[in-house]
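Engineer: One structure, as structure tokens, below. Some questions next.
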């Protein structure tokens, strides 16, 4: 891929990432906010992965998928936030052509993998709630591993298409990207050629990578809700609804902005709006996932208190 990209590279050898503001005081405030979010994301998700790994009672399909989600979130924010933090406090805000390609590709690989992982997690909840007696048989370790590999293969292959179609275009200047990282819609605005084909490819891929998983998720949760309504115990219904509400919150926060970004024609894109949307599915969702998904979970809290010896968890 690198040889192909270098052959099609134009006179631009590096890009300038404009970020959020030229005001040094605003950038200082943003630096502290994003540093807090980044470190909290690493600590929170790292804690989830460690707890799930160390406590054998959490070695179940649901927690296996949650640990994969946490690993993806840590990697996902690391592709963009450290560089953004450096640019917020430094005058030089450049990224090399090759660095831009690498960042774009890695960001897409992790993001697409995470999007498909959400549909796998919805299927896991569907089996757990609708077929509880067969759950361990259906969700075997082999199947869980295969589904995660499937998500990763979608990420690797589709990201290659996105990246090659974006970077095959000539970039002859200006080289200022109105964004805080090399994201496809922002980079395409600098192309010195017609991008209508890219808009069509982005829409088709967006349909496959966002609407198809969302349809799987929607189908799973329609069946889940139908099953929950048949549960006689009010406490059982409440527990099941609570789990589903947490999941739906995470999916909406991640997929909604991503769909708006990647299924909109480039001509309709707004740089300032796109930067805010990117924060949702890149930074904020990764920060909130441990809180919404895991740290509210009784099993995770019980395992944490047991491992730390900080007291007995409340039932």
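The backbone N, Cα and C atoms fix where each Cβ goes, glycine too.
Reproduced below are the annotations present in TrEMBL:
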TRANSMEM  29-52  transmembrane segment
DOMAIN    44-293  domain 'G-protein coupled receptors family 1 profile'
TRANSMEM  64-89  transmembrane segment
TRANSMEM  95-121  transmembrane segment
TRANSMEM  142-165  transmembrane segment
TRANSMEM  203-226  transmembrane segment
TRANSMEM  238-263  transmembrane segment
TRANSMEM  278-295  transmembrane segment
Engineer: I need to check the long-range neighbours of the transmembrane segment (142-165): which residues 6 or more away from its ends have a CB within less than 8 Å of a CB in the stretch?
Structural biologist: 1, 4-5, 61, 64-65, 68, 101, 104-105, 108-114, 116-117, 120, 123, 184, 197-198, 201-202, 205, 208-209
Engineer: Mean pLDDT, the domain 'G-protein coupled receptors family 1 profile' (44-293)?
Structural biologist: 86
